[in-house]
Structures are given as structure tokens and as C-alpha cells.
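TrEMBL annotations:
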{"type": "COMPBIAS", "residues": "33-54", "note": "compositional bias 'Pro residues'"}
{"type": "DOMAIN", "residues": "188-284", "note": "domain 'CRM'"}
{"type": "DOMAIN", "residues": "306-402", "note": "domain 'CRM'"}
{"type": "REGION", "residues": "1-61", "note": "region 'Disordered'"}
Amino acid sequence: MASSSSLPGLNPFVSLPSTPPPRSEPNNSSFAPPIPIPKYPPPARKSKPPPPNPAFKQPHLRTKYYKPVKDGIIASEGERSVLIGESGVSYLLPGAPFEFQFSYSETPNVKPLAIREPAFLPFAPPTMPRPWTGKAPMKKSKKKIPLFDSFNPPPAGKKGVKYVEMPGPFPVGRHPEEGKSREEILGEPLKKWEIKELVKPFLSDNRQVNLGRDGLTHNMLELIHSHWKRRRICKVRCKGVPTVDMNNVCRCLEEKTGGKIIHKVGGVLYLFRGRNYNYRTRPQYPLMLWKPAAPVYPKLIQEAPEGLTKEEADELRARGKDLLPICKLAKNGVYINLVRDVRTAFEGCALVKIDCKGLNPSDYKKLSAKLKELVPCVLLSFDNEQILMWRGNNWKPRYPKYRSSAVPAGVDFPSQSDDSGMSHNECNKCEANVVSSSPKMTLLWKRAIESNKAFLLNEISLDPDDLLRKVEDFEGVSQAIEHSYPAVVLSSKDGDINSLSAFEHDSLGENFGEDLIYANNEDEDYEDNNYDYDEDEDDYDDSDYFEEVDGSVPLGSLPVDLVAEKLDRE
């Protein structure tokens, strides 16, 4: 077979033409696109969005807004205004019984310097019941829902209705009465057995109002009334910074709610609504829709605090670095005894340090501001999350000082303490010839001396034999007084018959009743009938509060003892 290259007149590598043939162009007039091109109008100018409602504003902590303020009204909308005064930022609404605040118990007693956000009311406007959310409000229900009335509650077995607590407690034959003032709503003071019956079911109940670092806030007032709708007692558990000054918390609770604190243990309060309380006629306050930003207050730590120069303050801060803290505060703890502990620590040292590691910085700053006012003291630093305090130049000892019996009166020791706090050995040494005694201990010694159970030794420098002789003499006198009781004088000759007849006719009942009342009165001197927190009050348990106090009667003085003695003689 012959190859293609050997064929004559055939060249397989012929080059293509240099110019391509012309192409015929389509007629533009006859061509039409399948889909027409849309024509859009020019974009409209974007209008500015309406200002957002402050109710949906995110909380901001590091804002750059700063506006100095003075006392008086700083913003107003008709009769609604924002005030600056001694209680900080408050809000005045028409018809309100008092000025509203975000926190009633934790507002500093210092006037603010500036505010961190524009002054506006955190309540819903009167023209609109709720902020606009983009949806129309729901239509009102055609059903007429009856209001809660404590004087006329629904029947207990009614389906779909929760239990409503009736007013009370009342003695037999008494009925609730409508009251407007706080005294009329509270009614007669509760007796001890009534307090016991009211409080006992709530000791282990977890239905409560939690009061935290913000203290008694405005919206808690409505929350407490919602608890009172179902129960006569509202249990309030306090933790954190407000527990430093529980008296302030109790005062604010009673003033703003109108109730009465009938029992408290530690940080737990039991708030009684009143005998004539009616949920329908309760005071109704508008709710705060958001938390206002806290204003700017003066700094707690000054370079040169009051009574000190800058060099002296720096020296005290340097000494405080090596000082051990008296306690360590736990987060969300109960600090009822903190003020007492700081005052007691100042008796031995001019500087006191408290360890606050783990706490929020705002918490221990609020706590130190309370200590500055309650102790009182001078704040020096917050270094290393520790509060360093100085007792100040105007500090005075709490307890009376007297010379110890072990030290002769003629010996004079140099004083180791200095009120200025500039001595280096003050925090480690105390006066050797001075003994401090608490007021309660002094009262006990005084009562013991008056009852001849103790005697005051006027002479200190006595020989051991003389001292022993005095002790033996006093021991015989004290035993004679302790084992002797007033005798019952009988006019008849037959003493046994008259003694029995006297007990049968209760002729000695008044005398024994007076003895029991006197004994109970002595015990009540140590009790706190007003339920106020005392700095010298010892800790107690819940069960101790409900125990009855029985008067002590001498052995052998009861009527049964006389009857038994007569039978033994026969």
C-alpha cells in the first residue's frame, strides 16, 4: 500500500489562509431580547430611624457621658421630674407618697458629683402603657376578672383559683376593719404566742424574697405585696453588703412597705403585713423598666485623708502592708458582726485590715463606705483587694480602763499606745497595767456585788493570809444569804393547819406571783424586746427564741413541799 506522502500533487502540510473570510453581521433591528430589562426608580433617601426606647437599651458600664449636677431638679416632664438631693438621684411622680429611688437602703449619704447618662425617668410614660415593640397590643379580654380582696376571698375549693390568706390573727369575737394608716392596718401588737404561731411554719420554708447587693430596690415593694397576698408573713433573706447595717435595712423595709418585723435571725427577716391588711387597698407603685446608671460620687481613698498629711498617710500604708487581716469576707456572706469586730480590733491597734479577695470591687467599696460611717474610721487603701483603715485622731476607747489587781498602784508603766497611730509597737503591744471590760461584764459584776455574791477588794497589797481570811469571811456571809429565804409569819398557834389552809385559799399566791414576775423581769433585762441588732449581742439559735422562760423558785418553798413535810412528821 502506497503512503500518502508518495502520492503526486498532495501536500499534507499546507498552511491555512492568512485572513479569515468575512462573517455576516446579524440585523440589530430584527433582534429582540427574550426578557425585557427592568427599570428601577432612583433609590429614596433613607430617613433617620426613630430614637430607640430606653427600655430596650443595653446596660453600659464604661460610658463616656459625664455631666456635673447640682441640688434640685435636673430634668422634668410636666409634673414628673428627676431630683438630686441628699439621697442621691430620686424620681418625683404626681400622687406618689414619697420620692422613688432605685435602691432605698444602699444609697450613699453623700451628694453625687455628676451623672453617667441623660436624666430620664425609668418608668413607663403615662400616655403609653408599654413601649412600642412593633406589634399592636392584644385585645382586652371580655371576661371581667375580679380583684383580689382579702376581706372577701374566694372559696377554698373553687377550681382555678389560688388560695388567698384572710386578715388576722384576731381574738375570738373580733373582725377585720378597713384601715388607711399604718397603725390601723397593723392593729394591736402581736403577743409572743401569736408570733410563735406565725413564724414557725416559715423557719424551713424556701419561699422568700432575696435581698442582695442592691439592697431594697423599688420593684421589691410590689414583690413583697405579692407575697402578702397569699401569706401573712413575708420571709426576707439578706446577703452581702446590706447585712453590714441591718438596722438600716429593717427601717427601710418597715417605712416603705408598712409592715412590721416580728422576728429576725442573722440575715433572715420575717415581715408581718398587719392584722387588717387588704391586698385590694394596698399602695400600688409603678414598676421601673430598667436599672438607672449609678451617679458619680466622691472618691473614698484620698491621698491625704482627714487628720493626716501625705507623708503620714504613706507611712501608715507602708506599715499596713505587713499587717495581718482580722478576717476574710466570703462572697454573699452575712456581715452582721463586722462593725463590732472592727471596733474591737481598734482597741488594740490603730490600723485594721480586712481581706476581701474574691469579692466584686464594687461590693467591698460599698462595704468600706458603710464602715467609714458606722465605726467610724478613715480609709487608707484598697491594695491587693484588702481594706486598710485607720481609727483616726478622734478615736476614743469603748470600754472603761482600770488598773489590774496584779500590778501595784504606785508603779507607772510608759504608755505604748498613741492616738495618732504613729507608734511602731502599738499594733503588737498593749498597756500592761490596763484591763478593758465590756459594758455587759461590768453590769454583771455590779449585780453580783449588789446581791452579795461578790465583793470589791479595796486593798490590793495584802498578804496571802489576810487575803485568805477575807475570802473565808465572805464565803460564810454569801452562803448564809444564799440559803436563807423570807419566812412566812403565821398569827395562829397551829401553824401547820394555817399553812395548809393558806395554800388552799391561795393567800400566798400573790407573793409567789410577785417573786416569779421579779425573776422574769431580771431575765428580760438581757432580752431585746425591740428586735434591734446590738453590736454586743451574742449569737443565738432559732429554737432559743421560742423557749419559754420559767422563773426560778427556791427549793422547799412550794406548797407540795410543805404538804410532804407534814406527812413525814405524821
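Backbone N, Cα and C atoms are what each Cβ position is placed from, and that goes for glycine too.
Please treat TrEMBL annotations as automatic predictions, because they have not gone through curation.
If you take every residue in the domain 'CRM' (306-402) and average the pLDDT, you get 90. Within the domain 'CRM' (188-284), the DSSP-based counts of helix, strand and coil residues read 40 helix, 22 strand, 35 coil. Note on the domain 'CRM' (306-402): DSSP counts are 37 helix, 18 strand, 42 coil.
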